[in-house]
Each structure stands twice: as C-alpha cells, then as structure tokens.
Amino acid sequence: MDIKTALSRIVGHLDLSTAEMSDVMREIMTGQCTDAQIGAFMMAMRMKSESIDEIVGAVSVMRELADKVELKTLDGVVDVVGTGGDGANIFNVSTASSFVVAAAGCTVAKHGNRAVSGKSGSADLLEAAGIYLNLTPVQVARCIDNVGIGFMFAQSHHGAMKHAAGPRKDLGLRTLFNMLGPLTNPAGVKHQVVGVFSQALCRPLAEVLQRMGSKHVLVVHSKDGLDEFSLAAPTFVAELKNDQITEYWVEPEDLGMKSQSLHGLAVESPAASLELIRDALGRRKTENGQKAAEMIVLNAGAALYAADHAYSLKEGVALAHDALHTGLAREKLEELGAFTAVFKMENEG
C-alpha cells in the first residue's frame, strides 16, 4: 500500500493492517515520500489514533532498517527509556538510573537522543559529561562488554528517520514517531522500563512489545504526569512478564520510599542536570541532590526488576539503593567517558 492510498483510508477513520503500515513506513523511510505527504500522514494518524497493529508495523520497519548492535547475549540486558514530552523538565532520571543499574551488576544497553521538547535529552547530558556519542555499533558493543553500559545515539542508528525529520520539526506536535524511539532499541533488548507521556499509552505499548517478543517490560506513567516513576505521586504500570500483561498502581511507600515533592529537580540545561546527577551519585551534599538520588533509586530499582535481577520492584529498589551508596554508579559514569575517549581518537584522529 502506498502513502496516498493509506491517507485516504486513515482520513476515513479506517485502520491499516500491520503489513499495510509496514509498506507505508518503508516508503517514508527510504525517501520515496514528499514532506507534505509525511506531514499529512502523521497528522491523520494522530487524529484517528494509532492502532496496535499500526504501531507494530511501524516498529518492525524501524528495527529492520536500524544499524544494529550485536551483543553476545540479551539475557538480563536492560534499557531505561522514555518518550519524553512530559513537560516537567526534571533532570535526566532514566539516564542517571542506568548507571546505578550498571553499578548493581546488570548490563545496560541505553538508547536515547537529544531533547525534543525538554531542556536536556540523554544525549545532551552524556555529551556534557564528556562521553563521546558518535560510536559505531561495534564500539557500542565493546562499551557494553567492558563497562557494563553503552549508549546508542538514536540518530546514529536510525539514519532512515532523517526523511521524517523535517515534517516532524515543522509540525511541532507529538506524533507516532514520538512513540517509536523507546520501541526500537538497536540492540534488540527484551527487558525495559519504558516511560510514556500519557497513561493511555501504557497498555497499548505493552501489547506492542509483547508482539515484538519482549520478555519483561514495565510501561509507566505517573499521576503527576512524568514518563517515569515519581516520588510525588502514584505511578501507573502496565507490566509484561511471562507473556502476560498486568496493570496496577504503585505508591513510593509500597517500595520502601518516602513520598515527597519534586521541587528542586527541574533543570534548565544539560550542565545543570549533570551537576545535580553528580551530586546525587556522589556525596549528596545538597537537599536536592539527596532527593534526586531517591528518584534515581526508584527508577533504577524498576529497571533491576525488569531485567530479572530482582524478584520484585521492592527488592529492586533496595538493590539500587545499595548500588548508589557504594559510589560505583558515579565511577561507571566516568569510566564510560574514558572508554569512549579512546574511540573518539580512533574515529577522529
């Protein structure tokens, strides 16, 4: 099916099949569509609302066209990732949590990009920390093997997305493409914590990942609007485990944490986010640093559970607390910077 035929269907509020959506996405991502067609398609899909079949079709093509990272095993390898777009502008919780997860002895294949709507995307933060981003898939795999954590810069692995970049920027609205990043990890991880910008997306995206072969995933959105677990409000979870999806709410107190406001955790730049994270992963000299540490522990604990490194969310949080307080997470951050510096010299001379 071509994009013109698809548009006429979607405008009539008819869903596309998985195969039809795959045809259209392949057409878009191989440069066969005009910007006007892509923009119209994205808006029509948004107005109709994307079906699970359509998201699966889009994800399948993005995964097919990605520059993949080949790992020795995917057992227990986890990604902590969010769609962004929650408007909260708090520090990079998922990225900071990834280093705690690695410090706890779990392997992390982190996928991320620059900020779209917020002040600091994961790539912006890591660049501020001196971590070299423009790695080949083989170099990313070496980071993961040697450091226990590696970062896959989305634009380096999903080059075909460039064809939709102009229309996405011109529209300036959330579209199907905002959902695709967390669902298209180039290493093909089967364990994830996926934060989303709307509770309504939790169950559908869990179903998409179920169909794509994921093993243990938590798709989350907090009642105060975050695309991650919150210290300040209950968090809604759609959990995929043993090929079953269950939905539930989690309070911080359920996991041995104390509820508290997020005041002081918003940042205006990657540098400010990095400063807060370094304090949280280090000696926690400030009140905000201590609060940030607890937010990191909460989300790292969820990742350890999703990776099957812990038997429950509560045990995951306890393991994350211990890992953060050893100081190893901050060491992992510095270690990744040093390791990627070698690749920078190799790649740039």
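Just so you know, the numbers here start at 1 and follow the chain as drawn.
The backbone N, Cα and C atoms fix where each Cβ goes, glycine too.
Quick look at what Swiss-Prot lists:
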type: BINDING; residues: G82, 85-86, 92-95, 110-118, S122; note: 5-phospho-alpha-D-ribose 1-diphosphate binding site
type: BINDING; residues: G82, N113; note: anthranilate 1 binding site
type: BINDING; residues: S94, E228; note: Mg(2+) 1 binding site
type: BINDING; residues: R168; note: anthranilate 2 binding site
type: BINDING; residues: D227, E228; note: Mg(2+) 2 binding site
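Recorded features from Swiss-Prot, shown on the structure.
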residue : record                                              : CB count, 10 Å
G82     : 5-phospho-alpha-D-ribose 1-diphosphate binding site : 27
N92     : 5-phospho-alpha-D-ribose 1-diphosphate binding site : 28
S94     : Mg(2+) 1 binding site                               : 26
T95     : 5-phospho-alpha-D-ribose 1-diphosphate binding site : 27
G112    : 5-phospho-alpha-D-ribose 1-diphosphate binding site : 28
N113    : anthranilate 1 binding site                         : 20
R168    : anthranilate 2 binding site                         : 20
D227    : Mg(2+) 2 binding site                               : 26
E228    : Mg(2+) 1 binding site                               : 25
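Note on proximity: among N92, T95, N113, D227, the binding-site residues of the record, the Cα nearest R168 (anthranilate 2 binding site) is that of N113.
Distances between the Cα of E228 (Mg(2+) 1 binding site) and those of the binding-site residues G82, T95, N113 are shortest for G82.
In terms of Cα spacing, the binding-site residues G82, N92, N113 that come within 10 Å of D227 (Mg(2+) 2 binding site) are G82. According to its DSSP assignment, G82 (5-phospho-alpha-D-ribose 1-diphosphate binding site) is in a strand. Annotated pair T95 (5-phospho-alpha-D-ribose 1-diphosphate binding site) and N113 (anthranilate 1 binding site), C-alpha to C-alpha distance, rounded: 11 Å.
Secondary structure from DSSP puts G112 (5-phospho-alpha-D-ribose 1-diphosphate binding site) in a beta strand.
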